[in-house]
Amino acid sequence: MDTALSDPQNGSAEAASPANVTARPPSTPEGIALAYGSLLLMALLPIFFGALRSVRCARGKNASDMPETITSRDAARFPIIASCTLLGLYLFFKIFSQEYINLLLSMYFFVLGILALSHTISPFMSKFFPANFPNRQYQLLFTQGSGENKEEIINYEFDTKDLVCLGLSSIVGVWYLLRKHWIANNLFGLAFSLNGVELLHLNNVSTGCILLGGLFIYDVFWVFGTNVMVTVARSFEAPIKLVFPQDLLEKGLEADNFAMLGLGDIVIPGIFIALLLRFDISLKKNTHTYFYTSFAAYIFGLGLTIFIMHIFKHAQPALLYLVPACIGFPVLVALAKGEVTEMFSYEESNPKDPAAVTESKEGTETSASKGLEKKEK
């Protein structure tokens, strides 16, 4: 679910607050600048490192790290599915007790957050283990059927180091479950974002344009057309958004006046930026022109979102500014370099598609046979 960038002090959802509620003291300019700057930095980290890890993920052979490829059909349906989900959550919060809904969601995201954070920190933590650490390999395998009809449902490989990371992540999970502290929320949010950018792959640039274009309309409608998105974002007590307090300088870690950025405003542009990095690598020119261009475009788009929100004192659909920037800047660069055809003809196969796997095997066998023929000659 995508969420607009919003300021709880000035957002429209609180414009009609009851008279008997004590008004928040206005945030200082320093506090606002710190909050927005921190949100921008937190948004950039999972995009940058997630894009780098997506390259390794695309080349990997471990079934547990296989990316999920988004096709043009998936991209066209996604805004409709997201709209139904968003409206369903809004109605749930209106009909049922918010307390019980958030309790169920907290348990659900507690499990997902631990797994996501463990997967995120595992490569970094591996560097801190001593060389003589007793690292054993494990495999979690679930199959269906027997004989020739046997089909793998789950095939996950892990080791002792992964279990240690899972234990550390569980500490953060318990902290989040008991306190709902904004730092624990952000740790889970960053982990979800990085995993999304790493493991969700667009199959080509056209699919990315369809996805971003559809969510552009989705974001604008649900933020400007209704109060649904802002209401859900503020009612939904789950790490689906990054938050940073604007009163941190006054109240320290117990601050509670938050600015927020939805994870969708990170992951959706992020998977497009990661695709352009893999396209850069496919050109074999030892440059990352399109990646850095789109990355700079994201900084510009999110900075513009923050500026507009601060000027008009209203929650903004971040994709309204991010989509034109993230698509427009790289396309202009491609036009200048005469590489538009190469950009839009670049295609990635789905590693989970049996046909793609067969083609890959046939290509490997062909290359091997050609190599043998050369040796014989």
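Glycine is no exception: its Cβ is also placed from the backbone N, Cα and C atoms.
TrEMBL annotations:
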COMPBIAS  1-12  compositional bias 'Polar residues'
REGION    1-26  region 'Disordered'
TRANSMEM  33-55  transmembrane segment
TRANSMEM  75-93  transmembrane segment
TRANSMEM  100-121  transmembrane segment
TRANSMEM  199-224  transmembrane segment
TRANSMEM  258-277  transmembrane segment
TRANSMEM  289-312  transmembrane segment
TRANSMEM  318-336  transmembrane segment
REGION    345-377  region 'Disordered'
With the transmembrane segment (258-277) as the reference, which stretch in 33-55, 100-121, 199-224, 289-312, 318-336 has the largest tally of C-beta pairs below 8 Å? 33-55
Assess whether the transmembrane segment (33-55) lies in contact with the transmembrane segment (100-121), where contact requires at least three Cβ pairs under 8 Å among residues 6 or more apart in sequence. no
By a Cβ-Cβ criterion of under 8 Å, what residues six or more beyond either terminus of the transmembrane segment (289-312) are in contact with it? 5-7, 10, 32, 36, 39-40, 43-44, 47-48, 51, 265, 269, 272-273, 276-277, 279-280, 318, 320-326, 328-330, 333-334, 337, 343
Residue numbers, six or more beyond the limits of the transmembrane segment (75-93), whose CB comes under 8 Å of its CB atoms: 1-2, 101, 202, 207-208, 210-211, 214-215, 217-218, 222, 228-229, 231-232, 235-236
